[in-house]
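Annotation comment: Swiss-Prot describes 1-22 as signal peptide. Here Swiss-Prot flags N89, N169, N217, N232, N253, N320 as N-linked glycosylation site. Marked as site 'Conserved cysteine within steroid binding domain' by Swiss-Prot: C243. The feature cortisol binding site is assigned by Swiss-Prot to Q247, D279, W385, with similarity to another entry given as support.
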Amino acid sequence: MSLALYTCLFWLCTSGLWTTQAVTDEDSSSHRDLAPTNVDFAFNLYKRLVALNSDKNTLISPVSISMALAMLSLSTRGSTQYLENLGFNMSKMSEAEIHQGFQYLNSLLQQSDTGLEMNMGNVMFLLQNLKLKDSFLADTKHYYESEALTIPSKDWTKAGEQINNHVKNKTQGKIEHVVSDLDSSATLILINYIFLKGIWKLPFSPENTREEDFYVNETSTVKVPMMVQSGNISYFRDSAIPCQMVQMNYVGNGTTFIILPDQGQMDTVVAALNRDTIDRWGKLMIPRQMNLYIPKFSMSDTYDLQDVLADVGIKDLFTNQSDFADTTKDTPLTLTVLHKAMLQLDEGNVLPAATNGPPVHLPSESFTLKYNRPFIFLAFDKYTWSSLMMSQVMNPA
């Protein structure tokens with residue numbers, strides 16, 4: 001199965017929802033030439049993780065993972081074959097153009113949107129006296145702003161503390177913990193991390209947030225802070241796929257699809273997720289007057305990508321089939337890649353609570369939609385159509 005590294009970036013090349021953004025001459029650069037042969041990489045990966053954790057919260061950032069994998073192609077002697085296996089047509093695009101595209105994309109995502117608080121990056125930790133070649137270090141720094149830090153200690157506890165402290169500093173304290181009980185035979189540990197929090201275009205008022213029941217399953221109920229909003233909100237009820245949803249925009253380029261499967265239909269809805277489904281939903285959204293209840297929560301997850309990428313067709317990086325001879329000076333390179341994602345969903349209001357006015361009056365005759373059972377949260381950047389976050393929320397408490 002041919003998989004594309006670049007997740008959802010070029011969905012705007014299709015009709016409807018994906019063609020809302022104008023393209024300037026400056027923007028028509030190499031990052032737009034990253035059009036994948038299979039833009040369903042994000043959903044393939046998400047579905048695999050959900051299958052492995054069907055009764056648990058699942059959270060990943062496909063675009064962040066994509067950048068990490070593209071960066072690692074710089075380390076392999078057979079990089080052309082590696083990139084072709086990931087879905088790139090190397091007869092139409094050079095390796096340099098691919099990396100230049102990711103370089104520009106990274107700049108767009110991290111600098112052009114004031115409505116998203118996002119910290120995203122890659123950092124390589126070198127163990128067991130591993131020394132990387134200057135050319136590889138220069139390329140990863142230039143294209144991906146990646147750092148390489150040496151861990152001199154063979155004490156795994158101290159090594160884990162160094163990794164955690166570095167990521168905590170890079171995310172301004174948002175991500176405090178990445179690894180625990182670190183015991184790895186790897187000589188290079190790549191940490192791919194992202195923190196995301198958005199400001200809603202139509203914010204919730206903290207004055208209206210209240211404690212409500214959330215039904216985790218048939219036997220388990222938890223109390224969660226439930227945000228409340230009343231107004232015209234983009235809504236769609238799917239007659240073909242058993243779910244209903246709202247689309248809510250962040251200030252700036254961010255947008256979200258918050259999907260509520262019918263009772264017991266989570267697996268059916270997850271199986272139906274793909275580019276065409278999201279495109280169809282976007283076209284069919286209509287404003288509806290409603291009382292909307294969504295849990296306020298903070299979620300984080302950590303994955304060893306070796307465990308999941310092999311299941312979606314990418315495994316050679318973690319085996320002796322990858323030739324890293326052009327990357328290291330002496331010590332053989334063995335690789336571990338960890339993905340850490342954190343999502344914060346709150347009222348998203350830039351104003352102090354005291355200035356938000358009195359609690360909203362919820363009209364009794366309005367339609368009420370409560371996300372009080374497991375749901376799906378998808379966040380995209382509308383300008384690049386990058387898949388920022390994908391989450392299955394089984395228990396927001």
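Using the three backbone atoms N, Cα and C, a Cβ is placed for every residue, glycine included.
Known features from Swiss-Prot, placed on the structure.
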residue: N169; record: N-linked glycosylation site; Cβ neighbours (10 Å): 10
residue: N217; record: N-linked glycosylation site; Cβ neighbours (10 Å): 12
residue: N232; record: N-linked glycosylation site; Cβ neighbours (10 Å): 11
residue: C243; record: site 'Conserved cysteine within steroid binding domain'; Cβ neighbours (10 Å): 20
residue: Q247; record: cortisol binding site; Cβ neighbours (10 Å): 19
residue: N253; record: N-linked glycosylation site; Cβ neighbours (10 Å): 23
residue: D279; record: cortisol binding site; Cβ neighbours (10 Å): 17
residue: W385; record: cortisol binding site; Cβ neighbours (10 Å): 27
Nearest of the recorded positions (N169, N232, D279) to C243 (site 'Conserved cysteine within steroid binding domain') - Cα to Cα: D279
Integer Å distance between the CA atoms belonging to N232 (N-linked glycosylation site) and D279 (cortisol binding site): 21
Secondary structure of N169 (N-linked glycosylation site) (DSSP, helix/strand/coil): helix
Nearest of the recorded positions (N169, N217, N232, Q247) to N253 (N-linked glycosylation site), judged by Cα-Cα distance: Q247
Nearest-integer angstrom distance between the alpha carbons (Cα) of N169 (N-linked glycosylation site) and Q247 (cortisol binding site): 33
For cortisol: widest Cα to Cα gap among Q247, D279, W385 in Å: 15
Q247 (cortisol binding site) versus N232 (N-linked glycosylation site) - Cα distance in angstrom: 11
Cα-to-Cα gap, N217 (N-linked glycosylation site) vs Q247 (cortisol binding site), nearest whole Å: 25
Secondary structure of W385 (cortisol binding site) (DSSP, helix/strand/coil): coil
